[in-house]
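Colleague: Can you keep this structure in mind? I'll have questions shortly.
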C-alpha cells in the first residue's frame, strides 16, 4: 500500500490534503495492522508451499525458503497411499455432507411446518443432545461397531460406510436448529398457496422449501464437509487398516513417525489436501460467513 | 393447529413419487431383513430387537396416513438414536463397569478362555491319526477313531462325525464338505496348523485336539475345571478352588486371581479412581485445571485478536480491505489437523523453522518443556482460531443498527463512550452464543493437542501415559488404551467422558441462561 495517496480523493467532506499524523491515526495504523496480520496469518502457508517444493524433503532442508524448486515431493506422493486416503476422505466427506443436508433439512421442515404432539419435546431434546459431542463417546462407538460388525460386517470397524453412518448420527443434533430458524423465515403463505393449488407435502418440500432455502443448505453441507474432512479421533479409532485411512489419520502417521524424513512428503500432501477445502472456502466465502453469524446476529 | 390428516399423506395413486417411495422402502426392507437374519444367525438378540423395531417404525411411518411429520424426521432420527443417543447411554453404562483389558467379555466367555488358555497335553493320553483339512479358507482336523468312524471340526466347530469319508492307512483321503490338504500346503501353513485347536465337544471341559506334526492328534485338556453347579473353578494340579468375586474374577481363598475376568458393574469405582486413586488423582486435577485454562485463554485470546482486526479493517475508506480480509482468514480455511501437524514441525527443537530461521538458531524446547509446550499450544491455537473470531466480529460490527449509533452521536457521546456503552454490549450480545460454542469446542480440541504435542511432555511422577499439555479428551483417549500404548480401560475412559459432559453441559446451560438475560437487557 502506498502511503502518499490519502483516500480523501473519494470523499468530498474530507480536506484535500491531510497531515501525515492525522492520516496515520485515521488509516495508517490500519494498514500497519493489516500488513502485520497478513504476515502472521500467511507465513506458515508460505513456508509449507516452499517446503513442499524443496528438493531434499527433510525438515532441516526446508528452512531456506524457495532455495530449490522441484516437484520431487509431489511425484513421490504417487508411491504412497496418499491418493487412496484422499479418495477415502472425499468419499466420506461428500457423503456425510450430502446426507447431513438431506436429513437435517427434512427434520427442520417437519419441525417448522407441522404441528404435532411431541414437537416441543423433540426440539428441546435436540437442544440437549447437541450438548454432548459425539466424539466424547468414541469408546462406546468403538464397542458398538464391534458388535455390529459381528452381524453385518460392512457396518463394523474399518469400513467407510460405518464411518459415514457414525458421522450422520451427529447430523441432526448439530444442524437442525440452524436450518429450523432459517425455514421459519420462509413465509407459510407460500406453502398454503401451493397447497390450495393441489401440491402434496412432498412437492412443497422438494420444489418450494428446498429451493428457497438453498443458501443455508449450501452452508450446512459445506460446514459438514469441512468438519468431516478434518475429523480425526473417531476416524483414528474406527479405521484400522492403512487402505481405509482418511487423510487426517494417514498424514498424522507420517509426521508422528520419522518426522524429519517424511517432512517433504507431508508438506506436499498437506498442500494438495488443503486445496479442495481452500477452494471451496474462497468461492463460497460469502455464504459461509453468513451461515456462521446467522445464529447470532439475527437476534 | 393440526394438519388435515388426509391431505397428501399415504396417497393411493400410482404417481411417480409414490413409486419412488415404494422402491426406496423395498430397498430398506430388503437390507433390514438381511440384517435381521444375520443378527439371528449371530445370536445377537439386542441388535435383532433394535433392527426389527427400526424396520417396523420405517414401514409404519411411510405407509400410515397419520405419521406425516415422522416421514421427514425418521431418517435423521434413526441415525441419531443409534449413533448418538444409544452410544451416549452406553457410555453412561460402561462408566459403571470394569470393561477393559482382563474384563473384556461375559462370564461364559471368560470361563471358556480360561479353560482354553490352561490346556495341557495329558500325559499318556491317547493319540489318534489326524489329517489336516480345509473348509474354504478355514483349517480343520479330521480324526480317525479306533472304531473306524471319522470325525472332523474346525476352531469354531467342535468335532462331529462325518459320513462317507475315504480312509487309507489311518489317513483320510477324501471327506465330504472338506478338502484334504496336500503335504506341501500343510508345510506352507505350518504355523497355522500347529496353532489350531479343535474342540472335542461343546463343553470346554472336554478339551481339544492339537497336533505338532500334522499326522498325529493329541487330546489336550485344561488343568482347570469349571463346575457350573457350584460356579467354581478348580485347578486339578494343585487342588485350589477359585470362586467368583465382586470384581468379575475367579479368586482363591488366599486372594490370588485368575487372569481372565469378565465385565461386572462396579458402581462408582471408576469415578473414585479418577478423583481419589494415587496414580490418577494428581494428573487428573492438573489436567482438569489446564483444560479450563486452555479453553478460556484460547477463547479470550482469539476473540481479542479477532475483534481488534475486525475494528482495524472496519473502515470503508481503507484501501485493500478485501485483500487484507481474504488473506487474514486463510488459516481458518486450512483443515485444523494440517495446521497442527505443520506447526509441530515448525516448532521442532533442532530443525524447526521457528528456532532455525525466526530465532536465529536458538534451541528453544517449544514442545518438550512443560511451560513452553503450553505456550506453544496456546500460540498455535491463536493462529488457528483468530480468523473465525475475526469473521463473526466483522459480521456483528457491520450489522450494528446505524440509528442507535447516530442517536449516540447526536447526544454528544464521544468515540470511546460510544464504543464502550453501545458497540461493545451489542457486539457481546451478538457473539456470546458463539463464544460459548467456541469454549465447548476448545474444551474438547483433541486434534490440536494430539497432533501438536501428543499430550507431552510426560508427567515425571505418573505411571500412566499422561502429560503436561493433555486435556481431558486426550486423557480419555490415552486411558481408553485404543492407541495401543497402555492397557485398555474402557470403564475409566467412559467415566471421564461423563465428567467432561457434565462440565460442558453445565457451563453451556449457565451461559445460555446468562446470554438470554443479556439479550433482554439490550
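Every residue gets a Cβ built from N, Cα and C, even glycine.
Okay, so TrEMBL annotates it like this:
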TRANSMEM  B:18-39  transmembrane segment
TRANSMEM  B:45-63  transmembrane segment
TRANSMEM  B:72-96  transmembrane segment
TRANSMEM  B:287-311  transmembrane segment
DOMAIN    B:288-511  domain 'ABC transmembrane type-1'
TRANSMEM  B:323-343  transmembrane segment
TRANSMEM  B:375-397  transmembrane segment
TRANSMEM  B:418-441  transmembrane segment
TRANSMEM  B:490-512  transmembrane segment
Colleague: Does the transmembrane segment (B:490-512) come near the transmembrane segment (B:72-96), with 3+ Cβ pairs under 8 Å (pairs 6 or more apart)?
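Modeller: They do touch: at least three Cβ pairs between the two stretches lie under 8 Å.
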Colleague: Does the transmembrane segment (B:418-441) come near the transmembrane segment (B:45-63), with 3+ Cβ pairs under 8 Å (pairs 6 or more apart)?
Modeller: no
Colleague: Mind checking which residues of the chain, 6+ beyond the ends of the transmembrane segment (B:287-311), have their Cβ under 8 Å from one of its Cβ atoms?
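Modeller: Residues 328, 374, 377-378, 381-382, 385-394, 397, 427, 431, 435, 438-439, 442-443, 445, 466, 468-472, 475.
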Colleague: Near the transmembrane segment (B:323-343), which residues from the same chain, at least 6 beyond its ends, have a CB less than 8 A from one of its CBs?
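Modeller: Same-chain contacts beyond the flanks: 309, 313, 376, 380, 383-384, 386-388, 390-391, 394, 447-448, 451-452.
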